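Database features, via TrEMBL:
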- B:38-60: transmembrane segment (TRANSMEM)
- B:99-119: transmembrane segment (TRANSMEM)
- B:131-150: transmembrane segment (TRANSMEM)
- B:155-174: transmembrane segment (TRANSMEM)
- B:186-205: transmembrane segment (TRANSMEM)
- B:212-230: transmembrane segment (TRANSMEM)
- B:267-285: transmembrane segment (TRANSMEM)
- B:316-334: transmembrane segment (TRANSMEM)
- B:346-379: transmembrane segment (TRANSMEM)
- B:391-410: transmembrane segment (TRANSMEM)
Amino acid sequence: MGFLDQFWQLSVDGLMVGSLYAVIALGYTLVYGVLQLINFAHSEVFMLGSFGGLFAARALLPGDGSVPGGAGSIALVAVGLGAGAACGGLAAFTLERVAYRPLRRRAAPRLAYLISAIGASLFAVNLAGKEFGRQNVDLPDLFHNGTVFRLFGAAVSTQTLVIFAVAVAMLVGLDRLVAGTRLGQGIRAVAQDADTAVLMGVNVERIIIVTFVVGGLLAGAGGFLYAMTFNASYSMGFVPGVKAFTAAVLGGIGNVRGAMLGGLLLGLVESYGGYLFQASYKDVIAFGVLVAILMIRPSGLLGERLGRAA
Amino acid sequence: MSARPRTLGASVLLGLLAAVVTGPTGDSDEPLRAAWDSIADVRIVLFLGLAVALWLVLVLGPRLRGLVAAVTAPPRRRLTAATLTMTARRSVAAAGRRGRTVAVGGGLLAVAVVAPLVVSTAAQQSMVNDIGIYALLALGLNVVVGYAGLLDLGYIAFFAIGAYATAYFSSSTAMPWHAPFVLNPFFVFPIALILAALAGVVLGAPTLRLRGDYLAIVTLGFGEIIHLVANNADGITGGARGAFGVPHLSVHLAGVDYAWGIDPLPYYYLLLVIVVGVMVAFGRLERSRIGRSWAAIREDEIAAEATGVATLRMKLLAFALGASVSGFAGVLFASKQFFNPQSFSLQASFFVVAVVIFGGMGSRLGVVVGAVVLQGLAFYLRDKVQPADRYIYFGAVIVVMMIFRPQGLVPSRRRRREIELSEAGVGAADSLGSATPTVVRP
Amino acid sequence: MRRRPFVGAVALAAVVALSATACGSSGGGSSSGKETITIGFQGVLSGDNQQLGLNALYGIRTAVSEVNADASSPFELKLVESDDGGSPDQGPTAAQKLIDNSKVVAVVGPMFSGATKASEPAYTQAGLLSVSPSATNPSLTKLGFRTFYRVIAPDTVQGKAAADYLSDVLKARKVFSLDDKSDYGTGLSAALEAELKARGVALTHDGINPTKDYTSEATKIIAAAPDVLYYSGYYAELALLSKALKEKGFTGKIVSGDGSLDPQYVAQAGKAAAEGTYLTCPCGDANSDPNAAAFVASFKKVNNGAKPGTYSGEAYDATMALADVFKKLGKGADRESVLKAFGSVNLQGITKTVTFEPSGEVKGSNVFIYQVKNGSISVLGNTANLIRS
């Protein structure tokens, strides 16, 4: 029953959670790359996306409690992801319009954004609690969940596989978006030097809003994936939000690939740490590792700068 | 211009939102029912009316304002603190300004002395637990954030250190782990001060080389570690059970015997004395060589280093000083009442930061006003709205406040000048206080 | 476009203030000429645990509306709420608000042990009775709070009975005891483990702060291969833990305590994951007890269809016990007389018979065992009887 016997199983567990952290972390990193500010209300974008996806998928489930299979399952997951992403994107858009843009117009100090975000976060959390109730909400199984295959003896369930696959697909997609498209070029240009970008004809306001929305789409879809395993609730955003932010910093904030690496690493550290020590110390271990890594590499594992991601 | 219909649209959305916020409570079985019930209700007429009124004010506002300004120009000027200091700076000699500051300070102090006498005991409790303690914490954090320009998101950890130090030294029953002797909490003040400052140095020494946001996350991690250890180390701190039985403060000196008790009023006055003392002391510090060094670091660290400011030492000093105030507040809190690790959560750290920014970074009066306004608002809402909905309103007020007054309620003069300078393109202010460089006004 | 900050700020502030007052004036009672007696409620109405507070509040509201609907009752009850967020910081302020209101003659609450320790000195000083529906820390009745009563048994009672049941009936030889590191959870797991140790049952202990992610914890539990997992904590986390354990194919039995005795456990874990879980509680469960059907019906009616949850029944009983005392006292019910008379209350409640020890501890609580069967929680019986048979 030693640690080594469970090593692979813990790795699978850690990678699943870590991939979710990575998806959320991207929202922090993108916004940081473009605006150099920590979007503290991103966790609520995640929460709202989670509810949106959950409610949409639940509405389409057969009411008799049976588990759909095959094409039905795929369709349900797709609908959930789409609805989650849509809600997340909308929430991020609204957030930017209400809590950030007015501040940018009056050249507010950087910390004012932080406080505005904390206010928006309090508002969104408690309003969601009021509208959707304060209970955790379960999403019934959308597919038959069982062990698909074993990896060095570690069971990999359908759920784990779906979450990991979708998360990785989104991560790769975003990486391509930032590295290879015209939009990504614009984002990178603003991240490197906003003033010059303006002179080169980049519409910075548009890039900012698009960045928020892209981050929101990812967080919303990630929220749906999260709700599939971990239920949804009005206060669900805070902890994964802090973890994802940590992951973003760990990898080098502003760096897209860094956020991915940071997320997966954080998931693994938590999983191993929770097994080796009392589980209640797993956050202590996670933060300890973060501090240690920053001591050695003061700007994160892969360094900062969105521009360098490609 | 298309701005008017858009403003109307935004006003209507705001009205609908207000209707939903004040409407019935829903549940997850029918997620949209509560929102729908709020909108499909007669009250909606009221909210739409308000929305239209808001739109009219926004559209006609400039004209009305011109009219109002023409009639009431002199008194209106006096309304905003900003114009007050502006006029003061321009027209009154330095000595006169000083006199006025003293007069304003004296007036505020008088209000602070009399205020608790005219409110309920519950409000007095809140004035100690929420306003007083947070004002003290905000003053301490202000040194770190406002003076030295370092973002600390785990500030409450030092508060915890102070509180647990009190439990350790002044009671043999409060925690499983305790000192072999028992001290009066008054003697714990200096100990906690030193312990918290040491903790600040220990945390700061390796991490202060990190830049802005990295420092923020490391301090956040530190705060969470302290919180979790306090909660999980049952054998040492008592864990989630908390520390019960820390004695109240008492004085037995030269014939004076006085003991603080359950009544909040004596604690309030003690806190008031401490807060005023700290404000005066930090005021002197701000104007001293050290204060000028901090300002230099804040505005341009590299230039400061080049001109011979020991930047790392100065940053460490700010960290230690801020931490010690927090530790001090911890002793006061622990001796006042029972506490458990819940009091030292991450949210509490965020809240102190919010108080500092809300009140006005770098301004001593500002952060105290921030504590009064924010916590006062939370207390006021307690009876006005359903408790479960309290923080919806609270969050909304913070956002609105930041939109219309991002520099804080009472901004510091120096900070404002830095922002003006950076706006004008004359050098950048520090990483925290500067305007975002990417502003593009349409 | 020029901005108009000042006007805008004023307008927005006006909207916020208006909407705040618009909903602040809810409530208000009917005036039937009867004497009105005011009671207070101090509990968790904001923050992460507010659902527990709402459960209790709804229970109190049910009791209040039943008393007020009763034509034979010589008085009407009025309820004043005070939120402490479940934290010791806000406890004294919340308590003081009720103390300041001179009409309040008794309080239901505080709910959490931490808030209780912080608030009770003020209640004791003011001589205002407080009856907690949910604070189970064993030490609370030993700290010298003369105004403190509770209608729920302390953790020690439940922990011991649960341990007996695990080893005698479930024949557990190896138990994994997991708590949520809360005041309640650690207290319960300590009591459970002390008894299990005394009986020579092999034990693994772990603690995990409430979280959403129990995947790796499930791996850890399965690796330890226990006969029984006992979780000391609340239903929301037990639901997630059960889901994670089911996904990984845990074959042992899952048992938890009164914090998990809530129909929401099944709703949140899903029927499949919750099936077979045992729950211990020093209380009767309103939802499964036929004698409490009337209570459940009136609870739903009063609270917009909500079902009773954890602590709803206790809060209802506490309020009914207060009403019983008011009835006996007649006209002269004030803080002092209520406090004096409350110790001798004897009332058949929903969750138990409410009678008190001089310390404020509720007398002789039976611990009942429940099990999730076919997606609903049903009672198996009282531990003492189950062990005997």
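Even glycines carry a Cβ here, placed using N, Cα and C.
The stretch in B:38-60, B:155-174, B:212-230, B:267-285 that contributes the largest number of Cβ pairs under 8 Å to the transmembrane segment (B:316-334) is B:155-174. Here the transmembrane segment (B:212-230) has Cβ contacts under 8 Å with residues 150-157, 160-161, 164, 203, 237, 239, 341, 344-346, 349, 431-432 of the same chain, all six or more residues outside its ends. A Cβ distance under 8 Å defines the sequence-distant neighbours of the transmembrane segment (B:186-205), meaning residues of its chain 6+ beyond its ends; these are 157-158, 161-162, 165-166, 169-170, 218-219, 222, 249-251, 315-316, 319-324, 326-328, 330-331, 335. Within its own chain, the transmembrane segment (B:38-60) is flanked in space by residues 4, 7-8, 11-12, 14-16, 18-20, 22-24, which lie at least six positions past its ends and keep a Cβ under 8 Å from the stretch.
The recorded stretches the transmembrane segment (B:267-285) and the transmembrane segment (B:391-410) do not share 3+ CB pairs below 8 A when only pairs 6 or more apart in sequence are counted, and are therefore not in contact.
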